[in-house]
Amino acid sequence: MSKILIRGAKVLGGEPQDVLIDGETIAEVGTGLSAEDAEIVEAGGKVLLPGLVDLHTHLREPGREDSETVLTGTRAAASGGYTAVFAMANTFPVADTAGVVEQVWRLGKEHGYCDVQPIGAVTVGLEGRKLAELGAMHESAAGVTVFSDDGKCVDDAVIMRRALEYVKAFGGVVAQHAQEPRLTEGAQMNEGVVSAELGLGGWPAVAEESVIARDVLLAEHVGSRVHICHLSTAGSVEIVRWAKSRGIRVTAEVTPHHLLLTDELVRTYNPVYKVNPPLRTERDVRALREALADGTIDIVATDHAPHPHEDKDCEWAAAAMGMVGLETALSVVQETMVDTGLLDWAGVADRMSFKPAQIGQATGHGRPVSAGEPANLTLVDTAYRGQVDPAGFASRSRNTPYQGRELPGRVTHTWLRGKATLVDGKLT
Amino acid sequence: MQRHLISAADLTRDDAVLILDTAEEMARVADRPIKKLPTLRGRTIVNLFFEDSTRTRISFEAAEKRLSADVINFSAKGSSVSKGESLKDTAQTLEAMGVDAVVIRHGASGAPYRLANSGWIDAAVVNAGDGTHQHPTQALLDAFTMRRRLVGRDAGLGQDLSGRRITIVGDVLHSRVARSNVDLLHTLGAEVTLVAPPTLLPVGIESWPCSVSYDLDSTLPKCDAVMMLRVQRERMNAAFFPTEREYSRRYGLDGDRMAKLPEHAIVMHPGPMVRGMEITAEVADSDRCTAVEQVANGVSIRMAVLYLLLGGNEPALTHARTTEEK
Amino acid sequence: MDKHANLHASDARPVLEGPDIARVLTRIAHEIVERAKGADDVVLLGIPTRGVFLAQRLAVKLQQVTDRKVPVGSLDITMYRDDLRLHPPRALARTEIPGDGVDGKLVVLVDDVLFSGRTIRAALDALNDIGRPRAVQLAVLVDRGHRELPIRADYVGKNLPTSLRETVKVQLTEEDGRDTVLLGVKAGQ
């Protein structure tokens, strides 16, 4: 097997060190390393992180290959520094059977850009009425451990309770898309000052918060753990903080866009800012950043949601909800968390690799950068600043809210078990 | 420079007064034997209506024809928001035919803004009502009606509505008329009070330049004009209010309530009226109700807007105000 | 004081002063009565802005001569201009047709300066949409020449041969605070 020697990399943002990869694993970490037959990568002070893990990606295959495929989605992931992504279940057909999750899992393996761990649907067809065969999906080759009806909320309290209980048998976790459906009928954007002015249907914070409150209490009652997808409001942060203080086993994620953008952008009526849950207010953004820094929110997950151009090139109400995020996530986190002093790079590694791997039980991912560990690594040029140019995206879709925005940081190299998937910013 | 009229909030006080003054002259054309001006000869205007609205459409059409514009009526009936692409495609098709302006009515809030700002077309865009967002020409014709009645036809020229107290009653939540009126009346110096059951007021209304009350009876004696908004019966099913009877008892305008208004105060309604719901027949048919006058004034206002946007080599309106300044 | 009052005041020289203007209007009033054989059916229509004031003054003079009230109004030509597309839209002025209308009447259009003739063409178009006068005549305070259309005035206060480099500015008390006609040179020449 080939050897790679990364020289002068700030491991997790620390002092520059050399990292020697031998085959699929990290052979040695230290200073002044040399290896005769190794390919040399001069890191020159770039930051070396464990390969990022995204607990919330929409790869769209099967069914919406016009917006993304497992191949294009995993290439986008590698571009963004990810070595593992969890693929959401809202495909066509829905990933609610062992057959569909195995198909997605196999496609990820074949392409080899990034490990793809399918998420299984909680209910058949995401319809919220009947539990899907959770056990069968877990026992399949895909080994599903995370279940979610994301895109829809498991709003029936009994179904949610049963799901939370049932997955305990094999250590699974339910990831809830917290959205009270009746309170969000016709919802188009965050309900508040801006929606009142623009005349767009409001998506009130309480529709998220009330479901989170219910679910943490349910999790406590049945002794399960629950994961909250894309938490977006200051109130949700308070509830999760309270739940954790009570010892309830709850974990939560925040998306990069909710760390940076606010509903003021909706004034442009440009559907590129249309997303679910919606962009919130400045106050929410501040609360989310603080919560991610203090650990109330455990991880950053992209909610990478590709959509074809025509689904965004229209009036707001007709547009699809969602933004691509894999290729800009780390930059946004650097902008909002690192450059603001809220989080150091070790913290970033924790929120974007260690913890998500732990929540999703992604074996071999989210491991320390030390000898004997799988060589899943990401090298980041943190000194870089540049404008986001969607034309250069590996994703099949371009629906980014950051077009033309200047952001810091650029992933230059990604290694998946010692194999380079990204070299000098170019996919292999 | 902006070439569109999308929101009443975009108009400065001077712009708004210029439109009202211009409309006052346009109104005089209606009294002539030949109700036509050659001003927009050779300009093509399309009325692109994605929602049924015969009265607004014919009002614009009358205005366009009186200014000698070539008029194309395009009604995309029954088209719901699910046909998103068709807005862009339709607009581009029309522009390919050499359209100078698009008057658009659309069920989706922001559709005219998108049309004007997305780079899809070059034509000027006039918002004839979008979703629950804005209906700027309605607000202008309402302000025009108020100025005529409260200040005077000639005395009103050059004047705004400083110090006038206007009460708007009804389904504010779903009303583009209310939003446009609050913006424009505030710009013109009037004091606006919104009256509605709390369920029909949007969350976030506290940032609007107006005051809010849940009690109609206490506001009536203090206003110069009261505008009754249409309340759709279907709202009842979504629990916005319990019954029609209860709504009209608490928020409807009947003869007894009208008697509480000051002597000079007028009753306005943007139409179509739901008699027995927000307004009784007695009030609707009284001399104080300006509903019919508002329709006539609509043509003059739309002539003024079209002249000021399209009559020269560039628009006469400045659109200097940004939303942040509100 | 109006902003026009000081327009090129330094390099503009008066060619008609207040008393001249009054005398000229008196003469035109007499000419109208003479040519219209009593002016029974005369309607004066001033073209905004200053033509309206001149028409009103003429109406007073005519009343003095004929001892009858002469109908007077205004005719805004903005919407009929042939150069609309060359400028931003202008604010509209008032069109005020006297109660009996213009049908079958002798309409005398009144303006301050006759220059290219385009204003008068527009006025004739505007008048056409209002009614059918028996005849239309034109009275101007100053005719400065350089016609671009086959139009002439029936009553002229003063013929003022000018070059195209020059400007003619009429000021009237009602609008400008004083009565005068100034001949100046175009700015930047």
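All residue numbers here begin at 1 and follow the chain in the order shown.
Placed from the backbone N, Cα and C atoms, the Cβ positions cover glycine too.
Where the annotation comes from TrEMBL, it is an automatic prediction and has not been curated.
As given in TrEMBL:
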- A:45-233: domain 'Dihydroorotase catalytic' (DOMAIN)
- A:H56, A:H58, A:D150, A:D303: Zn(2+) 1 binding site (BINDING)
- A:H58, A:L59, A:R60, A:N90, A:N276, A:H307: substrate binding site (BINDING)
- A:D150, A:H177, A:H230: Zn(2+) 2 binding site (BINDING)
- A:D303: active site (ACT_SITE)
A:N90 (substrate binding site) falls, by DSSP collapsed to helix, strand or coil, into coil
Using a 10 Å cut-off, grab the number of neighbouring Cβ atoms around the Cβ of A:D150 (Zn(2+) 1 binding site), all chains included.
-> 25
Cβ within 8 Å of the Zn(2+) 1 site's Cβ centroid: which residues qualify beyond A:H56, A:H58, A:D150, A:D303?
-> A:T57, A:M88, A:G151, A:C229, A:H230, A:A301, A:T302, A:H304, A:A305
Write out, in the order they occur in the sequence, the residues of the chain not among A:D150, A:H177, A:H230 that have a C-beta within 8 Å of the mean position of the C-beta atoms of the recorded Zn(2+) 2 site.
-> A:H56, A:M88, A:S148, A:G151, A:A175, A:Q176, A:A178, A:Q179, A:C229, A:N276, A:P277, A:D303
Quick one: among the binding-site residues A:H56, A:H307, which has the most Cβ atoms sitting within 10 Å of its own Cβ?
-> A:H56
Does DSSP give A:H56 (Zn(2+) 1 binding site) helix, strand or coil?
-> strand
Here the binding-site residues are A:D150, A:H230, A:D303, and the Cα closest to that of A:L59 (substrate binding site) is found at A:D303
Out of A:N90, A:H177, A:H230, A:N276, A:H307, which of these binding-site residues is nearest A:H56 (Zn(2+) 1 binding site) by C-alpha distance?
-> A:H230
Once DSSP output is merged into helix, strand and coil, A:N276 (substrate binding site) belongs to coil
If one measures from the C-alpha of A:H177 (Zn(2+) 2 binding site) to the C-alpha of A:D150 (Zn(2+) 1 binding site), what distance in angstrom results, rounded to a whole number?
-> 5
Let me know the DSSP-derived helix, strand or coil state of A:H230 (Zn(2+) 2 binding site), please.
-> coil
Taken over the domain 'Dihydroorotase catalytic' (A:45-233), the predicted model's pLDDT averages 97
Which residues of the same chain, at least 6 positions away in sequence, have a Cβ lying under 8 Å from the Cβ of A:N276 (substrate binding site)?
-> A:G151, A:Q179, A:W203, A:M321, A:G322
